[in-house]
Amino acid sequence: MTREAGVAARREGAACWRPRLAEGTAPVLVVLLLLLVGLAVTGPAYDEPSGYLALLKRAAPLMILAIGQYFVIVSGGFDLSVGALVTAGVVIAARLIDGDESATTGVVLLVLGFGLLVGLVNGLVTTKLLVPSFIVTLGMMLVLDGAVFLWTDGAPRGALSAGFRTFGRGSVDVPLLGEVPWSVLILLAILVAAALFMRGGTGRALVAVGDNEAAVRLSGGQVDRLRLLAFVLSGLLAAVAAILLGGFAGVSAQVGNGLEFRAITAVVLGGVLLGGGRGSVVAAAAGALSLEALFTLLNLLGVSGALESAVQGVIIIAAVAYAALGGGLRQRLRWRPKRNSTQPAPS
Amino acid sequence: MSVVQENVSPVRPRTGRAAPRPRLTPVAIVYLALVALLVVGSVLVGLRGEVLLDQAGILNILTRAAALGLVAVGQTMVILTGSLDLSVAYLIGLTSLIAAETMAGRDGMVVPGVLLALAVAAGVGLVNGLVITVLKANAFIATLGVALILRGYLEDNYTGPAGDVPRGFQHLGYDRIGPVPVAALLMLAVAAVAWWYLSRTRPGYHMYAVGGDIEVARLSGVPTRRVVVTAHVLCSVAAGLTGIYLASRLGSGAPYVGTDAGYDLESIAAVVLGGTLLAGGRGGVVGTIGGVLILATLDTIFDDLAVDPFFKDVVRGVVLVTAVALYARRMTARRARGRLA
């Protein structure tokens with residue numbers, strides 16, 4: 001039925017062609033496209049692909065964080081601990097490596113393991129002790145912030161090895177494309193994996209948990225295990241982001257400051273519903289890229305850095321209001337074309 | 001019914017014995033925990049040859065509690081309504097600046113300064129409430145967005161402290177009656193008014209109703225939008241009072257006085273620690289004050305013990321999660337008991 005309609009629509013011409021996108025993806029892609037066009041118009045650096053590649057490289061950590069945050073949000077939770085986790089990852093890596101090149105591999109694995117562990121604790125406390133995830137991850141944020149600096153006596157110490165920093169700032173020669181930053185490759189791998197994961201059964205079940213937990217439970221879904229998985233993925237991806245940011249921006253105690261809210265903003269900008277059950281992971285990543293592109297554009301336009309956050313504030317309110325109110329608006333706009341396209345179908 | 005009873009007969013004696021015991025509400029737990037904390041803290045501090053609850057100690061605890069308490073009382077109302085306010089921290093900075101700049105060291109401008117700061121706070125609360133109710137934005141995002149806008153304004157216009165509070169107004173920040181600071185009394189008075197409002201008036205009941213189930217409340221004729229907006233306005237006014245108090249204490253306005261102390265998340269933590277459900281509909285101001293006092297006492301004890309400040313954060317995080325886990329466990333236990341009976 002839908003396929004026939006689709007065929008009919010395609011026959012009618014390009015006017016009725018609609019790309020197959022998950023619900024809510026289209027607006028953020030439009031916004032992203034506008035921002036990229038804006039960049040191309042204002043910035044001379046954006047005349048060639050390398051400028052966009054640099055943008056993607058800069059956006060990669062936030063996009064990866066947004067993908068992780070997406071898993072948690074779509075299943076109906078919050079992860080406020082990712083910012084502190086990024087800081088913790090960088091500080092731990094710097095102290096353990098301390099400039100020693102041979103320690104790199106072990107420490108990378110350790111940081112990833114640490115992220116996994118933090119996610120596991122978040123998930124277990126949320127699902128087993130029935131504490132709201134907002135509180136659990138807020139507590140985790142306090143614990144991580146305190147514990148890491150307790151361990152390093154208040155200021156980050158040590159140094160990252162060149163090998164460790166390669167992931168964040170190095171690039172690799174890819175045939176056909178030329179020099180591509182490592183972080184972009186890592187980002188693409190994660191994005192593709194996440195998109196495939198969300199198309200599979202587990203991914204769909206995860207969205208269903210956010211939509212109606214009781215229904216999933218009654219139909220035999222492992223609600224607790226799914227939510228646990230979401231937190232573990234979020235922790236793991238935050239650790240990846242920490243490795244990239246450590247390489248890109250270096251060691252500092254502020255590296256993860258506010259990243260949790262920025263990641264949530266990105267996810268919401270991608271049209272993902274807070275409270276779960278709706279939205280796509282690609283849109284969440286696109287939201288993060290839009291946010292980064294927006295900051296770049298504001299920079300190019302000479303808007304003072306201070307106003308950046310005000311603009312960010314206006315935009316997320318607008319995005320959420322559009323998602324909440326736009327539904328009715330869209331339906332009213334779509335009403336006529338829909339009728340036109342259904343009319344010819346039977347004839 | 002009889003089938004159910006047969007099923008649960010093995011557990012029956014245990015629940016039967018538990019029932020007559022006076023049931024511990026979260027509020028009772030909070031204050032018991034506070035007393036326990038004071039006892040343990042006194043012993044620990046006593047081992048170092050000092051006294052926790054001497055004049056200075058009490059003053060210290062209550063001074064710490066005053067600012068956080070004011071914000072947390074407002075936050076309680078918002079959370080009870082099923083909402084959340086992440087904008088309070090920047091609002092505190094903003095109102096401290098407005099108050100201090102309006103006063104500009106002149107005694108005659110104290111009242112206008114206070115009123116203007118409170119009016120701006122109420123306006124911000126109104127915006128919060130309207131964005132949530134009219135634009136239908138999620139409270140988390142709406143108040144985060146407003147917080148970012150306030151932050152942009154502050155960062156764009158201020159680099160450091162500004163304004164000047166007249167000497168006369170500093171009495172609010174430093175005067176005390178015995179070991180009790182005036183500001184703590186102000187905080188308690190605000191809390192008392194909030195308690196009366198929430199538990200003795202119709203609009204207060206409506207807040208619980210909206211927080212419990214907004215659809216049911218709406219269908220029963222509660223003006224849900226008005227209730228949510230009111231809660232946000234009251235919360236912001238409480239944050240405004242905090243800003244004014246901090247301005248009087250600092251002698252000037254400071255843009256980041258609210259965010260440095262993390263009053264946004266800290267106040268939410270205090271409310272939840274006090275036994276109010278984050279989802280809304282259950283809890284109250286009395287528990288919140290207990291939560292605030294626990295956090296303030298913890299800080300004072302750690303200061304007396306000269307504990308690493310970073311350790312404080314760790315303990316605070318653990319305490320917060322443990323407390324909420326305890327409440328959640330009791331809730332599910334009670335619900336299970338209710339289902340069985």
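Numbers here mean position along the shown chain, with the first residue as 1.
Quick reminder: no glycine exception, Cβ is built from N, Cα and C everywhere.
In TrEMBL, annotation is done automatically, which means it is predicted and not curated.
Feature list (source: TrEMBL):
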TRANSMEM  A:21-46  transmembrane segment
TRANSMEM  A:52-73  transmembrane segment
TRANSMEM  A:80-97  transmembrane segment
TRANSMEM  A:103-122  transmembrane segment
TRANSMEM  A:129-151  transmembrane segment
TRANSMEM  A:180-198  transmembrane segment
TRANSMEM  A:228-249  transmembrane segment
TRANSMEM  A:255-274  transmembrane segment
TRANSMEM  A:281-303  transmembrane segment
TRANSMEM  A:309-329  transmembrane segment
Quick check: do the transmembrane segment (A:21-46) and the transmembrane segment (A:255-274) share at least 3 Cβ pairs under 8 Å, counting only pairs 6+ apart in sequence?
yes
With CB pairs under 8 Å as the measure, which of the listed stretches A:52-73, A:80-97, A:180-198, A:228-249 comes out on top against the transmembrane segment (A:129-151)?
A:80-97
Considering only the recorded stretches A:52-73, A:228-249, A:255-274, A:309-329, state which has the highest number of Cβ pairs under 8 Å to the transmembrane segment (A:80-97).
A:228-249
Can you say which of A:52-73, A:180-198, A:228-249, A:255-274, A:281-303 has the most Cβ pairs under 8 Å with the transmembrane segment (A:309-329)?
A:255-274
The transmembrane segment (A:255-274) in contact with the transmembrane segment (A:52-73), cutoff 8 A, at least 3 CB pairs, sep 6+:
yes
To the transmembrane segment (A:228-249), which of A:52-73, A:180-198, A:281-303 is linked by the most Cβ pairs under 8 Å?
A:52-73
Grab the same-chain neighbours of the transmembrane segment (A:281-303) for me: Cβ-Cβ under 8 Å, and only residues 6 or more beyond its ends, written as numbers and ranges.
22, 24-25, 28-29, 31-32, 35-36, 38-39, 42-43, 55-56, 58-59, 62-63, 65-67, 69-71, 74, 191, 194-195, 197-198, 262-263, 265-272, 311-312, 315
Take the transmembrane segment (A:180-198) and find every residue of the same chain, 6 or more past its ends, with a Cβ under 8 Å from one of its Cβ atoms.
53, 56-57, 60-61, 63-64, 67, 70-71, 166-174, 204, 206-207, 237, 240, 244, 247-248, 280-282, 285
